[in-house]
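Database features (Swiss-Prot):
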BINDING   Gly26, Arg29, Arg110, Asp153, Arg156, Arg159, Arg162  CTP binding site
BINDING   Gly26, Arg29, Arg110, Asp153, Arg156, Arg159, Arg162  ATP binding site
BINDING   Asp39, Asp41  Mg(2+) binding site
Amino acid sequence: MERFKKASSIIETLKQQGHEAYFVGGSVRDLIIDRPIGDIDIATSALPEEVMAIFPRHVPVGLEHGTVIVVENGEPYEVTTFRTESEYEDFRRPSSVQFVRSLEEDLKRRDFTMNAIAMTEEGERIDLFAGQEAIQKREIVTVGTAADRFQEDALRMMRGIRFVSTLGFSLETKTKQAIETYGHLLEHIAIERITVEFEKLLTGTYCVKGLKELVETKLFSHLPYLQMSEERLLKATQYNWDSFETDIEAWAFFLYCIGEEHPSVFLRQWKFSNKKIKDIVAVLLTIRKRKEKDWDTVLLYKTGIHIAEMAERVYEAMIESYDHTSVERVQTLFQALPIKSRQEMDVTGNDLLNWASKKPGPWVAEMIQKIEEAIVQGNVVNEKECIREWLQECNLL
């Protein structure tokens, strides 16, 4: 409760001004489950302009949705006005938002009962939709009729399966049936929003369970490049996903499991950044080399420690080894390298030009590369004079 205590002054101030205010959403859910608390959100009967008038230190981030960030005790908190939503457009967003003074109306519009629990600053819970019962049963249940919730915002189906992966809960029967029925509506949702949820699924503690639900509900068939991947997705559930430390590793392993032959095309379709695509593809290419041979100094040097560590964890998962010392071995090998990058070489292109008395040309870059590999392989010490002598001995000058 310590983090809630730090934010309770916001609720107390709002109440002193005649408004209702409560902690809501995922933080209350995680407190009940005894999980680490993420962002703490507050819902209030105060209108956005009233919130801004009460708290001088604020950021008006989403006024059209009633959200104001209030900075209290050096921490930012989202304070959102109770609201209800009209008919949804395109199965993804309400055509309009109406601010209301009723907590019940606000909680009624939320996706799942476990996320529709409010809490006072004293810790008293307001649970109008049996969210605590669902948490006790470890079930994911929609607020109201599942068909209505998913037709309002089809992304909720993906969120439901993401919660299976992150919490280890199961989809309640009617909720699961509704996903099977309305899964096609996910095709109306922007891929960027789906990617966010899918990544949380892949990095969840119960990822295998989430992937199984993705297959059982057939929701996968409405995702880009996964329409024909049922058997491959089931293959992914046969592995242990516990060893990964980054989302890059999870995506690389997922692409390996589904046998994706053109990973960069897949990732662009899912709207990844160029940097992320580059890292994921680098991990996959490194694994391909790693399958052919064990690490040597040249492969490790060219790969770099960041990609090498991730590739090794994915490789261990692929061969179902789970030797936790393998990454440590890679780290030890890397630390033993004479140089970690070209910038550490004790010679430059200018040195070569002076020594050879030749005009600049492609030969300079080629020579630098030869010297670089010789240093990494231990054939020459990384000292200017030693390198010059080695070049002369090899008739390269």
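Cβ coordinates are placed from backbone N, Cα and C, and glycine is handled just like the others.
When secondary structure is read from DSSP and collapsed to three states, Asp41 (Mg(2+) binding site) falls in the strand class. Rounded to a whole value, the Cα-Cα separation of Asp41 (Mg(2+) binding site) and Asp153 (CTP binding site) is 21 Å. Taking Cβ-Cβ distances under 8 Å and a sequence separation of 6 or more, the neighbours of Arg159 (CTP binding site) in its chain are Asp111, Phe112, Glu197. Straight-line distance linking the Cα atoms of Arg110 (CTP binding site) and Asp39 (Mg(2+) binding site), rounded to a whole number, equals 17 Å.
Counting only same-chain residues six or more apart in sequence, the Cβ atoms lying under 8 angstroms from the Cβ of Arg29 (CTP binding site) belong to Met114, Asn115, Ile117, Gly131, Ile135. Minimal Cβ crowding within 10 Å, among the binding-site residues Asp39, Asp41, Asp153, is found at Asp39. Note on Arg156 (CTP binding site): other Cβ atoms within 10 Å of its Cβ, all shown chains, come to 26. Of all the binding-site residues listed (Gly26, Arg110, Arg162), Gly26 has the fewest other CB atoms within 10 A of its CB.
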